[in-house]
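A quick write-up on the structure given underneath.
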Amino acid sequence: MSLITSTSPHATVKNNTGAFMRQVIYATLPGLAVLTWQFGWGSVINVLWAVIVALVSEALFLKARGRNIAFYLKDYSAVVTAVLLGLALPPTAPWWLTLVGVSFAIIVAKQLYGGLGMNPFNPAMVGYVLLLISFPVAMTQWLAPGEPLSLLQSWQLFTGQLPVDGLSGATPLDTFRTVHSAGASSEIELASHSILHGQFAGLGWEWVNLAFLLGGLYLISRKIITWHIPAGFLAGLGLPALLAWLIDPVRFADPLFQLFSGGAMLGAFFIATDPVSAATSRMGRLVYALLIGVLIWVIRTFGGYPDAVAFSVLLLNLSAPFIDYYTQPRTYGHKSSNRGTN
């Protein structure tokens, strides 16, 4: 009888990088569906175009590096980057805006660092910040929620055949920032604003964030991500908002508004949880995410941008190695958490 032997590892797991990435993509579908329900087909068009741009950009760069294109594209990391950036863009974004952001994210923020696992910053957020700084008007033109455009209208916006000026309006966070900077009562003005209609996070936006919350809980249930970063993120955003609101409810927005408006849930469950650029230890993840949440609240409340998920995530990506150094667990057999010391 002949015995067939193979090299280790002999114990394997069903999941691989591609399988994990596909689960992340599936988890974004509820959020994409609600964005389509509230704003029309613009987000779907953005995501599909972003995926095409990401795959082509990655394939061209892999070919230039002499790498196996099919092998590396199967990990779906480029698709995840494209989906997240496509979801973050306004549904009014023209085709060239997505092209610039996604190609920069894949080529500069990911491949120039060596590819998957080497990038110190979240590629999707690098692309987003580039667009926000370079094209601020195009990046802040959102449609009024609850009045979705048809597929034809969305396509005309995407191709530049339909002007966006008469269709776009301020988001709830834009309204809050304007009211806050003017020194008016956020409680009164936000409640009476035509977009809000008394909703706790702005008409439509609470549903968008609830959908991404549902997708995030799915990722936790499938053990794709752990609870540490989402919990720290939401606590860091919600607790300062609660404290400020209790002190001065006229000036500061309440915590529900902060948690369920803008990209809060997308950031908490899909962006800050990037395993490559985030902190790695359990305590480090909590500290990392807590600081992201606090920074988002500070920039939203006192800064010049209505939302701040991208800036906050990138700043804490930069700090992640420092956080890991001081929060690494104690190695078994050592008294100190610093490896190699007794």
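Start at 1 and count along the chain as shown; that gives each residue its number.
Any Cβ shown, glycine's included, is placed from N, Cα and C.
The transmembrane segment annotation in Swiss-Prot covers 42-62, 68-90, 124-144, 200-220, 227-247, 252-272, 286-306, 308-328, and the record cites sequence analysis as its basis. Residues annotated as FMN phosphoryl threonine in Swiss-Prot, with sequence analysis given as evidence: Thr171.
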Is the transmembrane segment (42-62) in contact with the transmembrane segment (286-306), using at least 3 Cβ pairs under 8 Å (sequence separation of 6 or more) as the test? no
Can you tell me which recorded stretch out of 42-62, 68-90, 124-144, 308-328 has the most Cβ pairs within less than 8 Å of the transmembrane segment (252-272)? 308-328
For the transmembrane segment (42-62), find every same-chain residue at least 6 residues outside the stretch whose CB is under 8 Å from a CB in it, and list them. 32, 35-36, 68-69, 72-73, 78-79, 81-83, 85-87, 89-93, 95, 98-99, 101-103, 105-107, 110-111, 143, 149, 154-155, 157-158
